[in-house]
Ligand SMILES: NCCCC[C@H](NC(=O)[C@@H](N)CCCCN)C(=O)O
């Protein structure tokens, strides 16, 4: 291994897989923090006096600065101007600062202090935790586009989709770990803030991992100094050139539609399991949690398939069809067997491996490399609107159109047994929300078709393998 590294880092396969491991580990740490609070909702309510609205306010903070302050767009421009090393280090520092503020807010006693924002009273603790999370959101999203560009830089013409699939698989391990071990840690240490501190430590290790990458990447660039492989510098007018490309819009819109039918769905999936399939509240997260676990193996698998066989646009189309079928079956009121829910979540996991494994490695086939950072940033920015807006819309629809008169009625109808918690909470009919998710899927099919057609017209090579022989 050392001999391979000493030879020529730009030509060494070992070196590029080490680079992938280093940056994928940084992303694993970031995704762990992203989801670390999700399983702590009941503890935040019981121990810190948070309400569901407080939790919703905090969760939505992830996208605030990215969407409204255009931080993602600026991040993309910085990435193309300053390069992957500077931007990656900057984004990890931003993440550490954000998590530090969040940890401080959760671990501190604010003595019940509150502030009034736009007429709503918000506890100071919730506000500071949300500000920390919003700063972290800027860091992790900019890190996401940076890592995508790093993978393109090191793997172009080689195992690009497999590398991206493996990176996403590592990120999903972070999500899966957060969902599974966080409640255990919090209970073991008797503290809600403890898992966040662990995440902060993990992130510091992730930062060191990125520093090692910086050393390797500097060496590679020195080797390629006089070669044509070095990137052209970014110019501001590149942004206008990107938004003039039809293929860019098709893939960006497909991205926001498809991801809005998955991530926001997952936020409501445990509640769906409870209300429609009669699974108790305590166990309602188990079936949805299978989704990130499933994608850990399948995303690199489909990535590898795309690298060797091509058919990227077809893969995205198939994934979009599958998501429509899953959401439509979830919407049928008569289908209430938990085994069907299990099969549908597994199918959704396959769809959620298919589309990302082909989507992200397809972007460099449409956009030139020196504009990639900005292009990924624009796609993430458009996607963040959906990730913020769709959960809000579904919440409103549930409250206004889907409340079932009596909580016990639904549970009794489905299971014949009334679980103790059904008596104390509102029950929902999920038919309309599931039709909304299916509608997003139908629009995804449309844009996947448009992308396929545009690919034929423009010859992007989305149906060609990524590995050049
Ligand atoms: N190299 C691929 C990068 C994209 C991975 C993609 N991430 C996103 O789309 C993020 N903007 C949002 C992540 C939200 C996490 N809860 C992914 O599939 O994770």
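Each residue, glycine too, has its Cβ placed from N, Cα and C.
Checking the ranges 223-245, 338-360 against TrEMBL, the transmembrane segment annotation falls on 338-360. Same-chain residues lying 6 or more positions outside the transmembrane segment (372-394) and placing a CB less than 8 Å from one of its CB atoms are 60, 62-63, 66-67, 70, 72-73, 75-80, 87, 141-142, 144-146, 148-149, 152, 234, 238-239, 242-243, 248, 251-253, 255-257, 259-260, 263-264, 267-268, 363-364, 366, 433, 436, 440. Among residues of the same chain six or more beyond the transmembrane segment (160-186), those with a C-beta under 8 A of the stretch's C-beta atoms are 16, 20, 23-25, 27-36, 38-40, 43, 147-148, 151-152, 154, 192, 194-195, 198-199, 285, 289, 292-293, 295-297, 299-304, 306-307, 312, 353, 356-358, 360-361, 364, 466. In terms of C-beta pairs under 8 Å, the stretch of 60-79, 126-148, 192-215, 247-266, 430-452 lying closest in packing to the transmembrane segment (17-40) is 192-215. Contact between the transmembrane segment (286-306) and the transmembrane segment (338-360) is present: at least three CB pairs lie under 8 Å, with pairs separated by 6 or more positions in sequence.
Ranked by the number of CB pairs under 8 Å to the transmembrane segment (430-452), the listed stretches 126-148, 247-266, 338-360 are led by 247-266.
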